[in-house]
Amino acid sequence: MRSDISRRGSRTSAGHRPTAGRGGPSRDSAPLDDLDRRIAHALQLDGRLAFSRIAEVLGVSDQTIARRWARLRADRSMRVLGLTEPAVLGETVWLVRVSTTPDAAVPLAEALARRTDTTWVAMMAGGTEVSAVARAGSDWTHEGGGEALLLRELPRTPRVLAVHAYCQLHQFFGGAEGLILKSGMLSPDQVAQLAPPPPTPPEEPVRLTADDRTLLTRLAHDGRTPVAELASATGWSPSAVRRRMAELRGCGALYFDVEYGPRVFGQGLRAAVWLSVPPARLHATGEALAAHEEVAFACATTGAANLFLTVVCRDTRELYAYLTGPVARLSGVQNVETYPVVRSLKGPGPFLQSQVRSTRARQDPHRAP
């Protein structure tokens, strides 16, 4: 895990407007001001920071922070999510691409988004290709071990023309390291005051109990759920809730992420980029790409293309400039495939019904609300 970004702060100049990389619903409105962006940066560092602590470091009142965050939640569809790290739980991550007939793409994408074992569900390539991330156990000692249930079900789905799945081998950037951390809105000193200690990954995968999963389900919907509500949901005491959250965060099994729509920060284009790199250059190239401010996610995968990126830009001109500039200057890149995301149905957190309504409204502008 690349904790250096969260500890040091920005890799871009102070005041640079952050790019967006989250797939949740968004509303178009006036640009965020600097305080809004600093609050988002602080909560990306630690999603459960007390408003009083954020206010102290930013030099404003508690009431101002609370009021601003309430507005960001209501008007910008921002939310803090408590999410789990697959590697720490011993899970395998699959990047899935599904080609369908034109009439099947939207229903399939919606069905994938509703599943609890998927994240990052989107439509690409003119609406006839659906992409998703699926998680599965990683016991490769048994037949079928590590294979997501989804991969066994998709080939039997009507009107599915092809299924391609790529196993994630190594993550260079993403997860707890949200793109907001590259924004430069907080100074290195402010980051040092707000960032929690980096986690210490365990030697063996963390095994979750049923009560753990109840806790994590609540946090996945709202990472800032009060401790009293979490205690009521789990049947634990408030002190037990705090202790277990600290344990899960300390080993890296639980992290907090700020979800937001791409247009919130003025970056309207998200693209999936596949690169082919010689094995000897794979790690160095992945590390270099992870530092680019346009890169929201980077990992090494199986398959003919062994590097995958999620890139966010303002428009196609910026995407072209990125591909022909920073990417082209990397030695060893042999092939590049780029697919703009035309619709996002699900981001890193649980599926929201409003995301289906938003997708259908874009598909049919005359549809009644």
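Using the three backbone atoms N, Cα and C, a Cβ is placed for every residue, glycine included.
Database features (TrEMBL):
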type   : residues : note
REGION : 1-32     : region 'Disordered'
DOMAIN : 32-73    : domain 'HTH asnC-type'
DOMAIN : 210-249  : domain 'HTH asnC-type'
DOMAIN : 273-343  : domain 'Transcription regulator AsnC/Lrp ligand binding'
REGION : 350-369  : region 'Disordered'
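Remote same-chain residues near the domain 'HTH asnC-type' (210-249) are listed as 47-48, 79-84, 196, 199, 255-257, 349-350 (criterion: CB distance under 8 Å, separation of at least six residues from the stretch ends). Residue counts of the domain 'HTH asnC-type' (32-73) by helix, strand and coil are 32 helix, 0 strand, 10 coil (DSSP-based). Each residue in the domain 'Transcription regulator AsnC/Lrp ligand binding' (273-343) gets a DSSP state, and the totals come to 24 helix, 27 strand, 20 coil. Mapped onto DSSP helix, strand and coil, the domain 'HTH asnC-type' (210-249) counts 32 helix, 0 strand, 8 coil. If you average pLDDT over the domain 'Transcription regulator AsnC/Lrp ligand binding' (273-343) in this model, you get 96.
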